[in-house]
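Structure incoming, see below.
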Amino acid sequence: MDSQTGELLSWILTQDFAPKGTAGAFQEYDNKYVNVKKGSLAGLSTVLAAYKLFNYCHSYKEFKHKWPRKYH
Amino acid sequence: MNENLFASFITPMILGLPLVTLIVLFPSLLFPTSNRLVNNRFVSLQQWMLQLVSKQMMSIHNPKGQTWTLMLMSLILFIGSTNLLGLLPHSFTPTTQLSMNLGMAIPLWAGAVITGFRNKTKTSLAHFLPQGTPTPLIPMLVIIETISLFIQPMALAVRLTANITAGHLLIHLIGGATLALMSISATTALITFIILILLTILEFAVAMIQAYVFTLLVSLYLHDNT
């Protein structure tokens, strides 16, 4: 990413969230990391890692109280 | 502990909206389409795999049965990718829900059977009576064959659900046991951890095998009926 983290919010707001725009974003990722001459495992793994992170955030509440702690 | 064990099988909702739709659609992102003659590595690998599977699975059918190739190949890709993605931590596996597996199994089985009844009525009805049965046994055998026919979609759906759910549950349980044993006895925890690794390898295999079995059985029902 060429933008700084501080500008991330304004960058997200400039994105087009309509279905055509979202498909365009997937195409962009595809053309940059997957559809290249020596595309490697990293292109796929990043997508899977993002999916993992998304699921982690979604189930955070359920396992918050299961952390190894002295007093539950 | 009982409530927590099954918490991972609850349909995920976010603010009351079904997140499960997005999760079911996600595997389609992992299979890009490309119209080039020579593709990138990722797409070439997938095309090679798809060709291998379709040759192996559709070669037994006549041309009429081979019209189902697209359906069966999408099926095996969908079930395989959904099962494998479910092995990531904290992810939701749609194939653990019986509703979804019934939704896949019943229309496919019904399509195969109704095709058989419409196009080859006599042969389809003849399946109800195996060759060479003694005459007194015929009524009972027809009843048994009818029951076994109607149980096929149920068995398809329940087989997939039970296998994937059981595997996930075992991983949860043994993982929890390993954690709990770590403070008590390190050796036992190590043994349990090795069991966990073996189980995970099994789960990877089961994920793919279940997809294969589901598709193979549908293809067999099709073969009987075309």
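Heads up, the Cβ atoms here are built off N, Cα and C, so glycines get one too.
As annotated in TrEMBL:
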- B:12-31: transmembrane segment (TRANSMEM)
- B:67-88: transmembrane segment (TRANSMEM)
- B:100-117: transmembrane segment (TRANSMEM)
- B:137-158: transmembrane segment (TRANSMEM)
- B:170-198: transmembrane segment (TRANSMEM)
- B:204-222: transmembrane segment (TRANSMEM)
Does the chain bring the transmembrane segment (B:137-158) near the transmembrane segment (B:204-222), so that three or more CB pairs sit under 8 Å (pairs 6 or more apart in sequence)?
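As far as Cβ distances go (cut-off 8 Å, pairs 6 or more apart), the transmembrane segment (B:137-158) and the transmembrane segment (B:204-222) touch.
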Sort out the residues at least 6 away from either end of the transmembrane segment (B:204-222), same chain, that have Cβ-Cβ distances under 8 Å to it, and list them.
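57-58, 60-61, 65, 68, 72, 75-76, 79-80, 83-84, 86-87, 95, 104-105, 108-109, 112-113, 115, 152, 156, 159-160, 163-164, 167.
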List, by number or range, the same-chain residues at least 6 past the transmembrane segment (B:170-198) whose CB is under 8 A from its CB atoms?
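Result: 5, 8.
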